[in-house]
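Annotated in TrEMBL:
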BINDING   Glu79, Asp153, Ile155, Asp156, Asp299  Mg(2+) binding site
Amino acid sequence: MAGLLKALVSASEKAADIARLCRHEEPLFQLLVAEKTGADKNRRFLQDFKTLADVLIQEVIKHDLGTEFPELQGHIGGEESNEFTNAQGETVAVRVCGTVGETAALLGSVLAPEQAAAELLAAAAHRDAVLGDAALDGVALSILPGDLAIWIDPIDSTNEYIGGREDVAPVDGISPSGLCSALVLIGAYDRRSGCPVLGVINEPFFRRDPLTHRWQGRYHWGVAYQDTRLCSLSPPPPPRPPPRVVLSRAEGPGVRAALDPLCGGRLRFAAGAGYKMLCVILGLADAYVLSEGSTFAWDACAPHAILRALGGGTVALAEALRARRVGDTGPPPELLYNRPAEGVVGAERWANRGGLVAYVHPQHLEAVLGALVAVPGL
């Protein structure tokens, strides 16, 4: 397991390098956008984009993990189709080839005539990340990679990544929007149970270097397997009232009205499901509530694993409220990652239907469920 965790972190670092490279080349970046259509379109957004960075990052992670751990091949899923449409209207299946030159030629068919850019991206796809995290070497667990499967969100909060805003002022440490909410998410779950056991969140745009003005990133990881709980972050402080809850700006008025008194007027808003879950992980918020099924397995798997490592979790909101309404006081049902929905196609097969609540302290979860149990329509 130590080797797999290290591989996930290394893959996230390589992914972050590619994300920064694409943003750094601004004229090129404008060429790297293709609109999602059909079954791949996230119905929440009028315009939901995928970028070449999205596709390439996902394929790099699949390639690297599948090469090092062949038993994972066929069990690595992600948000993106690997098909990208170039300026000539041709469909190209993006993948990592055997050599830098072959990958550059493939990417060149997407980016033509920008061959120099294709070569930069290909070099980044084949360049190994250098890790200096001694804590990773000390992680020893008995779980086999062949028992796991992987969910990847190559760039969570793609709209914020495309927009690239750097001037958004944080509110109590939480950025309402902007480039900082664009994250790389890699989560591993148990194939049989669907329970998340390993998670890595990478922040490619954490801060700019004061001397070079280039972006610097950071990452966080967590392990929650059987009785083992390990995390790169310190345990959370004791809970304190009132709880701070972070929401999407698209959240409905009924949920807002129910939670505002609980929070003493401290509702906060942010973009990106992964970023809002990260705010809970970092202690900037006590809970993230979403009442709609507009997040997906790849959004939640990695942060859910880290939350579990910290003693918290991510529950299925609608199921938890139904249980409370019939007097069930047991542990609320957690999200699982191995059960596609029936009767739908494309991304909707993996939607977290009925919403979610991400939390660290069970007291905050119970307070949120108590406030929402009487909201009509939930």
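Note that Cβ sites are derived from N, Cα and C of the backbone, with glycine treated the same way.
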Sort out the sequence-distant neighbours of Asp299 (Mg(2+) binding site) for me: same chain, 6+ apart, CB within less than 8 Å of its CB, listed by position. Asp153, Asp156, Leu185, Ala273, Gly274, Asn352
Cβ atoms near Glu79 (Mg(2+) binding site) (within 10 Å, other residues, all chains): 25
With the Mg(2+) site defined by Glu79, Asp153, Ile155, Asp156, Asp299, which remaining residues of that chain have Cβ atoms positioned within 8 Å of the Cβ centroid? Ile152, Pro154, Ser157, Thr158, Leu183, Leu185, Ala273, Gly274, Phe296, Trp298
Across all protein chains shown, the binding-site residues Asp153, Asp156 give the max Cβ-within-10 Å count at Asp153
Same-chain residues at least 6 apart in sequence with Cβ under 8 Å of the Cβ of Ile155 (Mg(2+) binding site), in sequence order, are Ala19, Thr51, Ala53, Asp54, Ile57, Tyr161, Ala182, Leu183, Val184
